[in-house]
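Q: One structure, as structure tokens, below. Some questions next.
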Amino acid sequence: MDGLDDIVEEFLVESHENLDQLDTDLVALEQEPNSRERLSSIFRTIHTIKGTSGFLAFNRLEEVAHVGENMLSRLRDGALDLTPTRTSVLLRMVDTVRSLLASIEATGGEGTVDVSAVVAEISAAMEDRPAEAAAPAPAAPVAEVAAAAGTEAAEAPAAAKPARKTARKPAVEAPVAAAPAVVEVAEVPAPRPAPAAETEHAPAAPSADDNSPARRAVADSTIRVDVDLLDELMLLVGELVLTRNQIVQYVGRSNDTDLVRASQRLNLIASELQEGVMKTRMQPIDHIWSKLPRVVRDLGIQCGKNVRLEMEGKDTELDKTLLEAVKDPLTHLVRNSVDHGIETPDARRGAGKPAEGVLTLRAKHESGQVVVEVADDGAGIDPAKIGAKAVERGVVTEAQLARMTPTDVLQMIFLPGFSTAAAVTNVSGRGVGMDVVKTNIEAIGGTIEVESVAGKGTVCRLRIPLTLAIVPALTVECAGDRYAIPQISLQELVSLDAEKAANAVEEVGGAPVYRLRGELLPLVRLTDVLGLTSDRHDGHVVIAVLRSEGRRFGLVVDRVINTEEIVVKAVGGQLKAIGLYSGATVLGDGTVALILDVQALARRALRAESAERQEARVAAAVAAKDTEGQRERMLLASIGGGRRVAIPLDTVTRLEQVRTENVERVGNREVVQYRGAILPIVRLDRHLGAYGESDREVLEVIVYSDHGRSVAIVVEEILDIVDGEAAIRSDIEDMGLLGSAVLGEKVTELLDVRAAILAADPAFYTAGPAHSTPEGVSASLMEV
Amino acid sequence: MSTATETRTPDGATPAIGGQLATFWLDGDLYGVEVAHVQEVLRSQSLTRVPLAPTAVAGLINLRGQVVTAIELRERLGRPPRPADTDAVVIVVRLHGEAVSLLVDAIADVVDVDPADFEAPPDTLDGTARDLIRGAFKLDGQLLLALDVHKAVSA
């Protein structure tokens, strides 16, 4: 019994591999209908499946394969022409074979898969040419033999009948069938000498076909290994690399030449071992590409478009896990390109392009990453339309849009707000589920960007790390601690001495920028993001220029330590929730360093700080002018450390006192039960980096409610309610503040209420029961 | 939560807390966690702080190449910070295959406890700590507080 199961399993494995090849071949065949090589390759695959399924008594499978084989043999012999209908039918046959195989795999039997429909379809497709109806038509079911013999009219049905049976097991042919079989072998060599013999020995024989010889050869010289085992090996190698790093560092201080030599050897071997183990997990990207020709073809026919798929760099290898992870996003991009990118033949001709669109997949290694491009020569995306849509949907404001470069505008198709907008899809031709694609790519540490020239086409470029476990990273120091920044996001490093920094780092409306070769690079201080204080006071500025989501920004760190290969370790749930760290690693000297999540960092720092704040400020200035004399009532509160904060009164719903002991925790957030609901708390002193007394018994709380959601803002003491005067303001700012003003004869900081609320409840504006615009609070602030 | 986690205890013991507890001192009180959860006990380790983390997260430690989050149990239980001149002891617990460490004052014995001595948390226990303590064992001359280790690490 076991023996039989093994045979079935082998059959399944082999057949699945063959079917993938078949999809590719069938589609390729449409491009070059006269390729006998392709036809023979296809014929062989089906023939093998038919033979084995007969042997294993999978009758329905045999039946489908058999009629498919009939058609293929006639195509191969030129008795039939390959039409799109026939290709479709053949592809449908492949699908049926697949579902039969799936059923066999799951249940051991053929299950309830119905084959009669597809059998009828194939038979019908074979006969749809009235021209050859006369003699071959009645003989259609047995046409394989007739056609193969090349003397169709002469063959008697009597001879054909037994021949059909023998086809199951060509190797042990009955004498009756010998004649047609011999004819077949004898006939084929004429047009195509080399692979002729294989028709009868399909499974083992090498073929002259494009990549099938490589596959078969590989299959013979490989063993199947459990992926879990490889994962474990990979982990161990990771540990080894770490230990190696440590030893190399220690030995570097030693004078013992033997030890140094041994450590150098260890260094070398560990590197090679790491590379070797990584290679075991590598697979050519063709594994996921091979399914795409079919996708493109089907979708092209469905959309009435003429699309040619070209692939460059099929052999580019990447980690199996990553390959799996990339599969769906890549398919999505390809579908998008066919569906929306490439125009209909008429439109293309109208635009002076060839009617056939070209979709190009490119894969290559580039500085330790795999770059995969999905490029089409379609209509392209018009940034103006994207921009207009973004404004309409409230994703950005007009003013923000005006400041964005066309490239930045294009990247907005990856924003979640866009994916759900059907209108955008119609206008721009992109955007369905692009945020999902992006999320998936980022989940594996990759990046995605889009380039487009209106009328010329669109390129989506994925950058994927070679492997997840070990990544090259830059280690930097900030406030005495070390952090790792994955190289994939790093573009360059800029180091400015005190003198230079004083001139080169400028401020645009309060936001620090650096002129990098004439372009303004927004700067983000890591200390600010992390709520730490820099320990560098000599005025030097070190900028790591990072790229995320098509935007560049400079991360100001205290020092750059070095670059090293780091082994990524997952961090616990508590730390993941912070959303700034993608993991942790152990450095060469054994200390733990956090790995910064550059995407999250950019999202947090850039949108919150530069765009929105500037926006609010501009609007505030305008509003102040317009409504001169109008004053806003502000609530004054102290937050400890002698700092005073002003909060617009219309963002205050109630003032409450909460006993400290009633503060509870949900995840890493503090909450308090309040009027039958759970109220998230933000402690303003921590939020703004002040240090109030922490052990108070009663907390002063400002409750803000909007659309059924509430948050509580904890302050040290409520001081007063005053009339805000827009006149005396300055742009001295800090995280979480909009600026400062003199209120009640004292300098008072103006709280960025929106940021404070988001700190307590990140979902406040997005998940409210009622619809609330993201600009809700900013708007109220702008009335100042 | 607690019932779910208890059924997962590797020794398959009854949910009523009995058997062996690894005990430790924290701010003058004696606490215990199930021995089955405890992977190892280490002396003070160098910690890598995690900016913006919940206050109870003391940092990350390097446990033979593995990165483990350290929870300051004093903070977690709402106790005052450990005096500056004393070092914390690290108890590494393994929950659902993931290692987490707890910082405590000092490690004590492994104690066999009798479920008969068990009582619900005393009413004197305050808010935060109350959730984390399943109850007390009345030992001779000392109360042993049974820590709900799952809740304690979910800071």
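Cβ from N, Cα, C; glycine included.
Unlike curated records, TrEMBL annotations are generated automatically.
It should be emphasised that the depicted structure is a prediction, and the values quoted were computed from it without experimental measurement.
Dumping what TrEMBL says about this protein:
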| type | residues | note |
| --- | --- | --- |
| DOMAIN | A:1-107 | domain 'HPt' |
| MOD_RES | A:H47 | phosphohistidine |
| REGION | A:190-215 | region 'Disordered' |
| COMPBIAS | A:202-211 | compositional bias 'Low complexity' |
| DOMAIN | A:263-468 | domain 'Histidine kinase' |
| DOMAIN | A:470-607 | domain 'CheW-like' |
| DOMAIN | A:631-762 | domain 'CheW-like' |
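I would like each feature placed in context: is it buried or exposed, what are its neighbours, and how far apart are things?
A: Just so you know, the Cβ of A:H47 (phosphohistidine) picks up 25 other Cβ atoms within 10 Å once every protein chain is counted.
When pLDDT is averaged over the domain 'Histidine kinase' (A:263-468), the result is 81.
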Q: For the domain 'HPt' (A:1-107), DSSP counts of helix, strand and coil?
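A: DSSP classes over the domain 'HPt' (A:1-107) add up to 92 helix, 0 strand, 15 coil.
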Q: Within the domain 'CheW-like' (A:470-607), count helix residues (DSSP H, G, I), strand residues (E, B) and coil residues, in that order.
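A: With helix first, then strand, then coil, the domain 'CheW-like' (A:470-607) has 29 helix, 75 strand, 34 coil.
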